[in-house]
């Protein structure tokens, strides 16, 4: 297979892996049933949401594993953790496992949350290594599909169990356990490192995949807000989503076919030239051993074809089947402030500014999404519709930085990502205060959910690039997983406070209905988000000189 085919096929594999990797976003869809079936309090339920996020405390293990193990093995190990974590919870709900203590359920949720880190680490590292000039674009583009996970799982569940809440909760857990493993096994052979020394940006290919991605997001949003409910059945909606997810396969197939056609054409021209030389020599009376020409031509043809192909892509592409390759080759094309390890990083003020910005932005949003089940219940709305809405808009949010990155980078200008974060944190804080609007149609609930989904999704994508720019690429796998440790910390702190307020305002059965259930919580979250905006401004001021120096 042509190396360019394998290079882009790895991108398609990353898209498929990320599209099913957001299993933690399914929690609100089955949390209410889990609470009822296991007779848990709201605080206990929130602790389970924290447990899923607490798995990220050990996400750095995946970064270390990726330094020593093949990528395909890291992928299988990660998805296997999810199989155990979600699978045993599923067996508990259907009654196949009984008398499981709460501590064991907490550990299973933690194990399931950790599995996400392993798949993320594989996708991030393969993107950086296989696309050194466009690594940040590829990371953002493929990572955006993780924001679509909840929508994909919801489409599948809608087909299987359109009405029964108990069966739907079980289906979410079953799918969360087996689907990542199935997709990982299928794509494991494709997640390989194609060492690229220098590579020309494939403009047409990136534009095509961006168009496909935008179409996928538009299809998901229309389905989430109900525009397609009268046109498409749940089955047709699921088939349409699957078709759009597989559509990027056209890119490596097209590039591979073009490569083969070009190679065959060049070989034909080369053979004709050899024949012409042979005829000329025979006509001039020079005796020529045709067998020598034929024996030499294959290697010469290959050399000529490969040279031409290398010229087209402006570099050499070599395939590597192991995961031990380092990314030092990419340092010359990814601008960074400094290359440092985790110990030095923890002593940098920039890291702690970055840490709290993420804590008061993305982490707050994740806690909000974890509580969507109870928020929807308190307003008398369906949790599935809100989960699907947040997923779809989160997808577009994760995609926006990729689009900006593509068009800005082509002008050889490096965008200031801290400034980008500031522009996204402010509307997130405003959205939390919009949730306080006493609207009987819950219009502001849907609008705020969409805003938080877009902004938090965009910051999540930007954070990957920001980590590499602030602290380098050599230790990215460990450094970024240390950063996201703030997710379980924030999940425990903010989720616990939300649970306490919810429980205080609730009835004797532990359920709360009305605006007061989360009024104080939304006020606190909005205030913290604006504090995060101010910290992002400080980080922007401290890094402004670096980004200005990247202007060409």
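Indices start at 1 and increase along the chain as displayed.
Cβ atoms here come from the backbone N, Cα and C positions, even for glycine.
Among the ranges 231-255, 256-280, 281-305, the one that TrEMBL lists as transmembrane segment is 231-255.
Touching of the transmembrane segment (522-541) and the transmembrane segment (420-437) is concluded from the presence of at least three CB pairs under 8 A, sequence neighbours closer than 6 excluded. In this chain, the transmembrane segment (351-369) touches the transmembrane segment (420-437); three or more CB pairs sit within less than 8 A of each other, excluding pairs fewer than 6 residues apart. Ranked by number of Cβ pairs under 8 Å to the transmembrane segment (231-255), the listed stretches 171-193, 205-225, 351-369, 389-408 are led by 205-225. Using the rule of three or more Cβ pairs under 8 Å, pairs at least 6 apart in sequence, the transmembrane segment (351-369) is not in contact with the transmembrane segment (171-193).
Looking at 171-193, 205-225, 483-502, the range that has the most CB pairs within less than 8 A of the transmembrane segment (389-408) turns out to be 205-225.
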